[in-house]
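Taken from TrEMBL, the feature active site covers 210, 244. Annotation source TrEMBL lists domain 'Aldehyde dehydrogenase' at 7-425. TrEMBL lists 470-497 with the feature transmembrane segment.
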């Protein structure tokens, strides 16, 4: 029996004891996770610095700050999220208990990514714990220093049986995927995402795939270009371009192209000084393989801005390329690096057509001061998420679901959306053995009169018990009961029969 199989079996046995289900236990584990982030902040920052050359402040801003917020929201609202959710009733079920009960899925697998090794690995874990699951955590081996710290320190704070960390490379991941899980949450590229979905299909395991793709950024001619370029430059070149929702390419009219390049040039000087290589705020490519891949995308093109590189440091300067044709290699795959192509379009119609003839992106960015332009972009395109007149900020709100569509992913998370993603929404109806006469029309032998009564009862507007206070619910029950009596009388009169028929 492999190590991975043993880990999964231990997690399943621990889950089957029921220890992860009480809300008190879940809250305790979430608070321990928060304490881990607080007490081990320096260890986390050092690991990320070794992996991606990020500063401690950058790690806090892009990794741990969001995690702490996610945990705080989960702890504060867990009782509300986990409570039975009353739903609308028909007249046939007016006196019954009808509700949705969120319950844990079981043992889930979380496969993290290397570009934000803590945020995209532990955010799903927050949700898995909150929903009452056991979770096997597989950090990316590419961000090896972060993975090692996670493996060594996280078990000191969380239950070791319920939330084990498994490190390793491709073979270890493949072995984990051979095991049966109740849900798999994967963050990464679409190529591996297809393999994850294929492995999950063998056990009919549901998946959440947080993938990527080429996220377009349309710049309208009627916009404050200085502000637009500052925001785009930040989103594109933070983490050395290794962000799944970074603007992948710019769409703009030819008359704007040189002005955009100049605006980005000025912003880069503002952000990183005359030499980004020496700036502590500018990152590095994760490893040599990815360095070579990104540099190969530049073959045959002359950079309008940047283009410098240093293989020994895995450094690639912030780079902008003009007049990129749609068929270029730069436009065929997600760049995931500090290269920003500009593709010219004749107008908004051309831009919308360009976006729609490609795979649905994870994110879409629109810069315009004209409401009509914004409305058209929102109405006539689709994407996992969209931000207007900024980039990436929709990710920061846990009230918004984050996820892709089509090739950019399936499923969603953040806040309550995460809790729901890791929960089974069990349909519950609790009926009394009394009031049997109300049920008689649905029993054989069937006839036209019975069918008409059931049809009228089913078509009667539903009564919503899912909102308001207990007093409101009681009042609604009395009103609904009156409606039931009235409907019964109407049905009897319509049928032209005596009460003895009921």
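Using the three backbone atoms N, Cα and C, a Cβ is placed for every residue, glycine included.
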> With every protein chain in view, how many other Cβ atoms are within 10 Å of the Cβ of residue 244 (active site)?
Replying inline: 27
> In Å, rounded, how far does the Cα of residue 210 (active site) sit from the Cα of residue 244 (active site)?
Replying inline: 9
> Within 10 angstroms of the C-beta of residue 210 (active site), what count of other C-beta atoms is obtained when all protein chains are considered?
Replying inline: 26
> What average pLDDT is reported by the model for the domain 'Aldehyde dehydrogenase' (7-425)?
Replying inline: 97
